[in-house]
Amino acid sequence: MQVRMLGRVDLRETVEAMQAFTAQRTGDTPDVLWVCEHAPHFTQGLAGHADHLLAPGDIPVVATNRGGQVTFHGPGQVVAYPLVDLRRAGYYVKEYVHRVEEAAIRTLAHFGVTGHRVAGAPGIYVRLDDPRSHALLPQRPRKADPLEPAAAVPDFTGLGKIAALGIKVSRHCTYHGVALNVDMDLEPFSRINPCGYAGLPTVDLSTIGVHTTWDEAASVLASQLAIRLAP
């Protein structure tokens, strides 16, 4: 997999470039990983609801065709876009998601942090009371949503989200990807229901005591994705 470190790039232009790359690629087009960061933007996925944008203020909102709901991108966040031909790679979408999440978990482990999955809520989470604990996270049952009694939501008690995942698959090829919070202004997350979950805490490496550079975190995540997404 080719890795391209793009630095700070325009979000809308990057989304358009991913779409164009995917539309034009052939069976011989090499897979590529774009790693970048963006100026402050909220992005809405296909499952997004306007009421999850509580008070966007002066931060632009961009509608996208990725899966998932609303999230925030900004400086100090590593955004990785794997452009992978799944048919050639030999695995399906569910396995692809697992591999991307595993790359984020291994990246956190590099910095001494234990990342966790939560059933029914894509992305990676950390324990707020002890981010370095290796104890397994019990998979708790979903709890009732008082606003939607017929629905149920994952139990995020004691957890904070540190990496968000949102993908699109077209003609067996992936785009969009994963965002890892490194050292960023987290205030904009209070203006939304992150990924559609009211009150879900969002953290970055800095707030849980890990001080590193964007470049180092980007390098580790890129390396892990290249390893995990290999055929």
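Glycine is no exception: its Cβ is also placed from the backbone N, Cα and C atoms.
Cβ neighbours of C195 (active site, acyl-thioester intermediate) (same chain, under 8 Å, six or more residues apart in sequence): G68, Q69, V70, T71, A121, P122, G123, K161, A164. What Swiss-Prot lists as active site, acyl-thioester intermediate is C195.
Annotated substrate binding site per Swiss-Prot: R66, G67, G68, Q69, V70, T71, F72, H73, A164, L165, G166, G177, V178, A179, in sequence order, evidence recorded as sequence analysis. Mapped onto three states, the DSSP output places A164 (substrate binding site) in strand.
Annotation comment: Swiss-Prot describes 27-231 as domain 'BPL/LPL catalytic'.
Residues or ranges marked as site 'Lowers pKa of active site Cys' by Swiss-Prot: K161.
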Maximal Cα-Cα distance (Å) across residues annotated as binding substrate, namely R66, G67, G68, Q69, V70, T71, F72, H73, A164, L165, G166, G177, V178, A179: 16
Surrounding CB atoms that lie within 10 Å of the CB of V178 (substrate binding site), all protein chains: 25
G166 (substrate binding site) CB neighbourhood, other CB atoms within 10 A: 25
